[in-house]
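Notes follow the structure.
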Amino acid sequence: MKYRIFKMKYTLLFLSVIALVHIFAVEAKDEPESDALVPQERGCLDIGKTCKDDCECCGCGNVCYCPFDWFGGKWQPFGCSCAYGLKYVCAHKQKKCPNV
């Protein structure tokens with residue numbers, strides 16, 4: 001008898017957790033996606049986001065870093081991403097980029 005009550009309690013607890021997870025999943029789907037900003041709509045990209053130019057990265061000292069930037073050009077087989085730059089980057093970006 002005790003085993004049956006014990007089993008029933010844990011079954012109800014498990015079903016309650018499943019129902020709670022389902023409710024949060026449904027609420028997440030119902031939120032409008034129009035409020036979400038697309039990276040192109042924002043003025044700049046955060047650290048770690050894929051970029052093509054220094055001007056796309058947020059902040060005065062952040063740069064578009066290409067770890068495998070071979071031959072000095074912007075040919076990057078593995079892509080570039082926004083990263084923290086050095087102090088002189090800020091002066092360079094202010095000359096180059098209108099949005100800094």
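Glycine residues also receive a Cβ, built from the backbone N, Cα and C atoms like all the rest.
Values in this document were obtained by computation on a predicted structure and should not be read as measured data.
Taken from Swiss-Prot, the feature disulfide bond covers CYS44-CYS58, CYS51-CYS64, CYS57-CYS82, CYS66-CYS80, CYS90-CYS97. Taken from Swiss-Prot, the feature signal peptide applies to 1-28, supported by sequence analysis.
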Given the disulfide-bonded residues CYS66, CYS80, CYS82, CYS90, find the one whose Cα is closest in space to the Cα of CYS58 (disulfide bond).
CYS82
Checking the disulfide-bonded residues CYS44, CYS90, CYS97 against CYS64 (disulfide bond) with a 10 Å Cα-Cα cut-off, in sequence order, leaves none
Please report the Cα separation of CYS90 (disulfide bond) and CYS57 (disulfide bond) in Å, rounded to an integer.
12
Candidates CYS57, CYS66, CYS97, namely the disulfide-bonded residues, that fall within 10 Å of CYS51 (disulfide bond) by Cα distance:
CYS57, CYS66
Disulfide-bonded residues considered: CYS57, CYS90; fewest surrounding Cβ atoms within 10 Å belongs to CYS90
Nearest to CYS97 (disulfide bond) in three-dimensional space, by Cα, is which of the disulfide-bonded residues CYS57, CYS66, CYS80?
CYS57
Any idea what the Cα distance is from CYS44 (disulfide bond) over to CYS82 (disulfide bond), rounded to a whole Å?
10
Quick check for the class: what is the C-alpha distance, in angstrom and rounded, between CYS57 (disulfide bond) and CYS66 (disulfide bond)?
13
For CYS66 (disulfide bond), what is the secondary structure by DSSP, using just helix, strand and coil?
coil
Pairwise Cα distance for CYS82 (disulfide bond)/CYS66 (disulfide bond) [Å, integer]
9
